[in-house]
Amino acid sequence: MPTMDDILEHIGEFDFFQKQTFFLLALLSAAFTPIYVGIVFLGFTPDHRCLSPGVAELSRRCGWSLAEELNYTVPGPGAMGEAFPRQCRGYEVDWNRSALSCVDPLAGLATNRSHLPLGPCRHGWVYDTHGSSIVTEFNLVCANSWMLDLFQSTVNAGFFIGAVGIGYLADRFGRKLCLLVTILINAASGVLMAVSPNYTWVLIFRLIQGLVSKAGWLIGYILITEFVGLSYRRTVGVVYQVAFTAGLLALAGVAYVLPHWRWLQLTATLPNICFLLYYWCIPESPRWLISQNKSAKAMGVIKYIAKKNGKSLPASLQSLRPEEEVDEKLNPSFLDLVRTPQIRKHTLILMYNWFTSSVLYQGLIMHMGLAGSNIYLDFFYSALVEFPAALIIILTIDRIGRRFPWAASNLLAGAACLASVFIPEDLQWLRVTVACLGRMGITMAYEMVCLVNAELYPTFIRNLGVLVCSSMCDIGGIITPFLVYRLTNIWHELPLVVFAVVGLVAGGLVLLLPETKGKALPETIDEAENMQRPRKNKEKMIYLQVKKLDIPLN
């Protein structure tokens, strides 16, 4: 019986239908960025100081400039490594006293300002920003700064739970149904978050977004890789992730135009409402239908694809049935990911590489620090480095294969982290260059693990395998801030040493995986188990349509 890849060779591997579907799903990929990295703008923490009643009136009476007001009324920096008193503490002074002078008003109270008592900000804070964020609206600073960490940890926890749970449902009940449900819930929770009255409700709706958004992004990735032919699979997988990078650039522009977090959140959510129209645009995956013994429905989708591509389907290809052992096992199980030796090895290595990619990707950004003052340009420039990474993958992946570029990218990231430890502080240009090489390397590794993950599992557990393995990057996202900031307190370069070890080990483990270049997606467990051996009599099969003539015998 012909495989789905054989059929696609006749009806089009990447023709009009696949291009249209890819464009629609790429928009879904780009729309995921505000949830994944939206904390940069939604949770932006501007410079702030204690709100002191009477200071504003005294400043007006004395005609101070802002610089003079800060110099006269706000404490200076604290000791090295401590929080700035000007942000979390203020002078215990009654600023409404008429005896205060306009020239150094605190001089009459103490000869040295350091002797004046400091207290917490009892009346709130003043924020130096023309916009707003959840930090400025709910005062998530100083003693409440942990609430911003909780906000980001919550969405990552949602990613983790949703990826595993919805991954199972997508393999059990279909890609299209789960995709549409995640889009609907994501749109509703995003709008409700934009109008939430307090921090608690913001946290709840952000958790719900986390539960469905990443799972929807990965289901879109699975769908497009199952719709296209073998020779285009890697390209659409990489470009699907490039769409995410394009979303990063768009997010920077939208956040610049809309500096108020509620409007930004609402605007970023609106595309998800439009994505509900995909119900009429994107069919179910025929590969999934075949794996579920729904051959009639699969043939209907195949004929629809052929019609959209302007191709005809030969009669010899119009009978389908699941191959080999699929008849005996239709329902995916978590045990299928570790039941057999090769798939178990694939699962463990992929989980570690997802974890590594997340820790290094986010950790390098945190450690580098983006010292510039313009958050929008900093964000924009940091996203640009991801385009060369995608270009290198596209240029090398079919010439060299998946395994060696993937291993090399991990090794590059690890080596760059290790080299940064020994570069002196005065060679800042070299440190930045090496950091960019590390960022490029780990970006390549991130895109490669997403591509290869889908190629190592048989159809009926492919979606589950990708979502379970990728859930480890959410664990990495939860612990990375603690890993960076706690180890930095011990030694500033210690996180880089940890990143180097983690990245180098990941590069070595990748070499233990089979090469998937030029191989059809495995349909059964046996095919996935034997990926390191060449397939027999499958790649070069030709199906001919023979017309039978009734000739009477004499």
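Cβ coordinates are placed from backbone N, Cα and C, and glycine is handled just like the others.
Just so you know, TrEMBL annotations are computer predictions that nobody has curated.
According to TrEMBL, the protein has these features:
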TRANSMEM  21-44  transmembrane segment
DOMAIN    100-518  domain 'Major facilitator superfamily (MFS) profile'
TRANSMEM  150-170  transmembrane segment
TRANSMEM  177-195  transmembrane segment
TRANSMEM  201-224  transmembrane segment
TRANSMEM  236-257  transmembrane segment
TRANSMEM  263-282  transmembrane segment
TRANSMEM  349-369  transmembrane segment
TRANSMEM  375-397  transmembrane segment
TRANSMEM  404-423  transmembrane segment
TRANSMEM  429-452  transmembrane segment
TRANSMEM  464-484  transmembrane segment
TRANSMEM  496-513  transmembrane segment
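If you look at the transmembrane segment (464-484), the same-chain residues 6 or more away from its ends with a CB under 8 A from one of its CBs are 149, 152-153, 156-157, 159-160, 163-164, 166-168, 170-171, 214-215, 218, 221-222, 332, 334, 336-337, 347, 350-352, 354-359, 362-363, 366-367, 450, 453-454, 456-457, 495, 498. Listed by sequence, the residues of this chain that lie at least six past the ends of the transmembrane segment (429-452) yet keep a Cβ under 8 A from its Cβ atoms are 221, 234, 237-238, 241, 350, 353-354, 356-358, 360-361, 364-365, 368, 382, 385-386, 388-390, 392-393, 397, 402, 405-406, 409-413, 416-417, 419-420, 423, 466, 470, 503, 506, 513, 516.
Ranked by the number of CB pairs under 8 Å to the transmembrane segment (236-257), the listed stretches 21-44, 150-170, 201-224, 349-369, 496-513 are led by 21-44.
Within the chain, the transmembrane segment (349-369) has long-range Cβ neighbours (under 8 A, six or more residues past its boundaries) at 382, 410, 413, 417, 432, 435, 438-439, 442-443, 445-446, 449, 452-453, 456, 465, 468-477, 479-481, 483-485, 488, 495-496, 499, 502-503, 505-506, 509-510, 512-513. Here the domain 'Major facilitator superfamily (MFS) profile' (100-518) returns a mean pLDDT of 83 for the predicted model. Below 8 A, the CB atoms of the transmembrane segment (263-282) and the transmembrane segment (496-513) form no more than two pairs separated by six or more positions in the chain, fewer than 3 in all.
Looking at 150-170, 177-195, 201-224, 375-397, 496-513, the range that has the most CB pairs within less than 8 A of the transmembrane segment (21-44) turns out to be 201-224. Counting residues 6+ beyond its ends, the transmembrane segment (375-397) has Cβ neighbours under 8 Å at 40-41, 44, 234-235, 238-239, 241-242, 245, 248-249, 251-253, 255-256, 365, 405, 409, 436, 439-441, 443-444, 447-448, 451, 517 in the same chain. Only residues 6 or more beyond the boundaries of the transmembrane segment (150-170), in the same chain, are considered here, and those with a CB under 8 A from a CB of the stretch are 35, 39, 43, 134, 140, 178-179, 182, 202-203, 206-216, 218-219, 222, 332, 334, 463-464, 466-468, 470-471, 473-475, 477-478, 481.
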